[in-house]
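Visitor: Okay, so Swiss-Prot annotates it like this:
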TRANSMEM  11-31  transmembrane segment
TOPO_DOM  32-396  topological domain 'Lumenal'
CARBOHYD  ASN57  N-linked glycosylation site
DISULFID  CYS80-CYS122  disulfide bond
BINDING   133-137, 172-174, 199-200, TYR229, TRP261, 294-296  UDP-alpha-D-galactose binding site
CARBOHYD  ASN169  N-linked glycosylation site
DISULFID  CYS193-CYS212  disulfide bond
BINDING   ASP200, HIS294  Mn(2+) binding site
BINDING   GLY263, GLU264, ASP265, ASP266, ARG306  N-acetyl-D-glucosamine binding site
CARBOHYD  ASN340  N-linked glycosylation site
REGION    341-396  region 'Disordered'
COMPBIAS  353-368  compositional bias 'Polar residues'
CARBOHYD  ASN388  N-linked glycosylation site
Amino acid sequence: MLRRLLERPCTLALLVGSQLAVMMYLSLGGFRSLSALFGREQEPAFDYSHPHDVYSNLSHMPGAPVAPGGLPAPQGLPYCPKRSPLLVGPISVSFSPVPSLAEIVERNPRVEPGGRYRPARCEPRSRTAIIVPHRAREHHLRLLLYHLHPFLQRQQLAYGIYVIHQAGNGTFNRAKLLNVGVREALRDEEWDCLFLHDVDLLPENDHNLYVCDPRGPRHVAVAMNKFGYSLPYPQYFGGVSALTPDQYLKMNGFPNEYWGWGGEDDDIATRVRLAGMKISRPPTSVGHYKMVKHRGDKGNEENPHRFDLLVRTQNSWTQDGMNSLTYQLLSRELGPLYTNITADIGTDPRGPRTSSGPHYPPGSSQAFRQEMLQRRPPARPGPLPTANHTAPHGSH
């Protein structure tokens, strides 16, 4: 019976036509609809040709509730919505003019000393620490602070921004500074999420939520203008990434031995795999970032040893990381926009040694920090519950 049906011309034509229709449906994007049915994230569409101002909707944010008589309202706030109603999507990112410190402070009146913020009318669903390695890039830092504070406030997170300064004139070590930042941030609070953030990358879409994925490390800078808004290669883990403290410790943090530019991102991606975890990413249309243009940094030249180190990662990752981290904490300062941590992390043992200590490179770095301290709001009565004023000095 079936054989006779298949031999009929009309039946064969119907089968061939059905196959062609299915193929056309999939080629025109139907696969995305099918994927959504099975729980895969659908690629959202955004119009980046009409971005919103980075400070959009902040005027809609209510202040803390007040009871009759002017006293603070009782505690017991509801949780913030899973998706903040304040989000606008694509935001305008401009590199000129570089905002002054006074302007950034004025535009962010709800930010507390140390760069802390939490929503006034709802309980945040995530507490996120933003950790930024830094040296001698004050213009970049101001641009980041100007754009990042309103970006995070619209997401209704509780957050704190930590800027980790490498003291001395030795070779820059981004990954080791991030290890220092994680350790110092976790002394302050039990953060839910750690965002490791390059100072020269500015997010362009506030739907790119600064929260962690409990299933594994998350790489969020998936579409930078530097790379034509696409991922440069599949295992890329550079720019901006997010891990829970448990995920960070499971992979032994980041490597300490990468002095200079290059290599540490690939080492970190390898650590994720060796620790039995998988990298997740937001959709390309969401993870947009603009990179601030800059010349090559003195003291951050290309690392000639990076390939030798990468070959050893499989054997070295359990010995080189948070469990081998040594540094000297030189200062911890609560400025109006961020917590500034200055650390002596030593020098590259393979290269020419330079003085390491509280000696800052030429430029405005020290003046910038002094200005931050001078503009710090007056102390409030009682201790700050989330800031560590008595961090010990010495080796860690």
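Heads up, the Cβ atoms here are built off N, Cα and C, so glycines get one too.
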Visitor: Taking Cα atoms as reference points, which of the binding-site residues PRO133, ARG135, TYR229 is nearest to CYS212 (disulfide bond)?
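Guide: Checked the binding-site residues PRO133, ARG135, TYR229; minimum Cα distance to CYS212 (disulfide bond) goes to PRO133.
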Visitor: Calculate the distance in Å between the alpha carbons (Cα) of ARG135 (UDP-alpha-D-galactose binding site) and ASN169 (N-linked glycosylation site), and round it to a whole number.
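Guide: Their Cα atoms are separated by 10 Å.
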Visitor: With every protein chain in view, what's the tally of Cβ atoms within 10 Å of the Cβ of ASN57 (N-linked glycosylation site), excluding that atom itself?
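Guide: Other Cβ atoms within 10 Å of ASN57 (N-linked glycosylation site): 17.
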Visitor: Please report the DSSP secondary structure of ASN169 (N-linked glycosylation site), reduced to three states.
Guide: coil
Visitor: Check ASP265 (N-acetyl-D-glucosamine binding site) against DSSP and tell me helix, strand or coil, would you?
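Guide: Where ASP265 (N-acetyl-D-glucosamine binding site) sits, the three-state DSSP reduction gives helix.
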Visitor: At the Cα level, what's the spacing in Å between ASP200 (Mn(2+) binding site) and ASP265 (N-acetyl-D-glucosamine binding site), rounded?
Guide: 16
Visitor: Which one of these binding-site residues has the most other Cβ atoms within 10 Å of its own Cβ: ASP200, GLU264, ASP265, ASP266?
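Guide: Result for the most crowded candidate: GLU264.
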Visitor: For ASN340 (N-linked glycosylation site) and PRO133 (UDP-alpha-D-galactose binding site), what Cα-Cα distance in Å is obtained after rounding to a whole number?
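Guide: Cα of ASN340 (N-linked glycosylation site) to Cα of PRO133 (UDP-alpha-D-galactose binding site) measures 10 Å after rounding.
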Visitor: Anything within 10 Å of CYS80 (disulfide bond)? Look among the binding-site residues ASN173, VAL199, TYR229, ASP266, comparing CA atoms, and list what you find.
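Guide: Hits: none.
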Visitor: Could you give the mean pLDDT over the topological domain 'Lumenal' (32-396), rounded to a whole number?
Guide: 81
Visitor: Write down the Cα-Cα distance for ASN173 (UDP-alpha-D-galactose binding site) and CYS193 (disulfide bond), rounded and given in Å.
Guide: 22
Visitor: If you count the other Cβ atoms within 10 Å of each Cβ, which of the binding-site residues ARG135, ARG137 comes out on top?
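Guide: The most densely surrounded of these binding-site residues is ARG135.
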Visitor: Can you tell which of the recorded positions (ASN169, ASN173, ASN340) has the fewest other C-beta atoms within 10 angstroms of its C-beta?
Guide: ASN169
Visitor: When the Cα-Cα distance from TYR229 (UDP-alpha-D-galactose binding site) is computed for each of the recorded positions ASN57, CYS122, ASN169, GLU264, which gives the smallest value?
Guide: GLU264
